[in-house]
Amino acid sequence: MSDMIHFDSSWDIRVTDTSLRDGSHHKRHQFTVEEVRAIVGALDGAGVPVIEVTHGDGLGGSSFNYGFSKTPEQELIKAAVETATNAKIAFLMLPGLGIKDDIVIAQDNGASICRIATHCTEADVSIQHFGLARERGLETVGFLMMAHSIPPEKLAKQARIMADAGCQCVYVVDSAGALVLEQVSDRVEALVQELGNDAQVGFHGHENLGLGVANSIAAVRAGAKQIDGSTRRFGAGAGNAPVEAFVGVCDKIGVKTGIDFFAIADAAEDVVRPAMPQECLLDRQALMMGYAGVYSSFLKHAERQAERYGVSSAELLVRAGKRKLVGGQEDQLIDIALELQREAAAS
């Protein structure tokens, strides 16, 4: 079991690029090996220290419910590892969707950072997976998703469960892009106070209210040591905090990331953008997700059901927020669409 965390002494914070995982939602999980090699090469060349690669919903996510991968994710992980010179390759897994054998295979393919995600009230389901990952010498990161939905003190208690299980960095994950500045600071500060030297604290933001970079800076100032982003905002919903903009802001305020601003800007424009089906937009649907607190990966599912049943995707997302749906409940969008359809017919 190793206690080492990949963290250079020249960095103030560590940035993880999630374009090849969170971006999979935006691309409907259609990445090719060639695209992964090109993006990893560009990000690695710019100095990005950690690159996450899996199906958008993590290991084992390729399914009827979440969407099938064009290329098996383990092939993509292997290609990423073979391409990277300095960057470490991470993978995401959700207990109950991915299984422990998936962790073993990902490590055998060269990935070295295991990121385990649960709903923010269900950290206990990750205990066995953190144990396995640490036994195998993997660096561990925990994701407390939909962090806007519970107060800071309760989130901190869930973080303690992950840290005690072997998690080396617990993330405040704003899955819906619903948190606003002080709400990020309050949650990060609560985790920092609870965990002390037992684990680092991280932040993962989305752009659904246009605050991805600002919220990430708020997290850094509150004590976060690891920050997620996606180059060119390549992620679910309106996308993640754009790494190139975040790095530029960090340069201007004196926060060291180890990433070359000009190289990451070139990577965003010349390599990542061509792999995107379209830009990640802060449009009406994405805005509704941030406003109503809806899981960002619901966007494409909502658009599909809205078209199928002839209803408003924005109203569909607002009602999903009122029902407090979480990741894994995408199928309930069909029920809501039928409900809206019936209401329209009766009016």
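Backbone N, Cα and C define each Cβ position, glycine as well.
According to Swiss-Prot, the protein has these features:
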type	residues	note
ACT_SITE	His25	active site, proton acceptor
BINDING	Arg21, Asp22, Ser175, His204, Tyr295	substrate binding site
BINDING	Asp22, His204, His206	Mn(2+) binding site
DOMAIN	13-265	domain 'Pyruvate carboxyltransferase'
SITE	Arg21	site 'Transition state stabilizer'
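A map of Swiss-Prot features onto the structure.
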residue : record                       : CB count, 10 Å
Arg21   : substrate binding site       : 31
Asp22   : substrate binding site       : 28
His25   : active site, proton acceptor : 26
Ser175  : substrate binding site       : 31
His204  : substrate binding site       : 32
His206  : Mn(2+) binding site          : 33
Tyr295  : substrate binding site       : 27
For Mn(2+), residues beyond Asp22, His204, His206 with C-beta within 8 angstroms of the site's Cβ centre include exactly Thr18, Val173, Asp174, Ser175, Gly177, Gly205, Asp228, Ser230, Gly235, Ala236, Gly237, Asn240, Ala241, Ser296
From Arg21, His25, Ser175 (recorded positions), the ones whose CA sits within 10 A of His206 (Mn(2+) binding site) are Ser175
His25 (active site, proton acceptor) sits from His204 (substrate binding site) (Cα to Cα, rounded, in Å) at a distance of 16
If we take the residues Arg21, Asp22, Ser175, His204, Tyr295 that the record assigns to substrate, their largest CA-CA distance in Å comes out at 15
Whole-number mean pLDDT, the domain 'Pyruvate carboxyltransferase' (13-265), equals 98
Apart from the site residues Arg21, Asp22, Ser175, His204, Tyr295, the 8 Å Cβ neighbourhood of the substrate centroid comprises Thr18, His25, Phe143, Met145, Val173, His206, Gly235, Ala236, Asn240, Ser296, Ser297
DSSP output for Tyr295 (substrate binding site) maps to coil
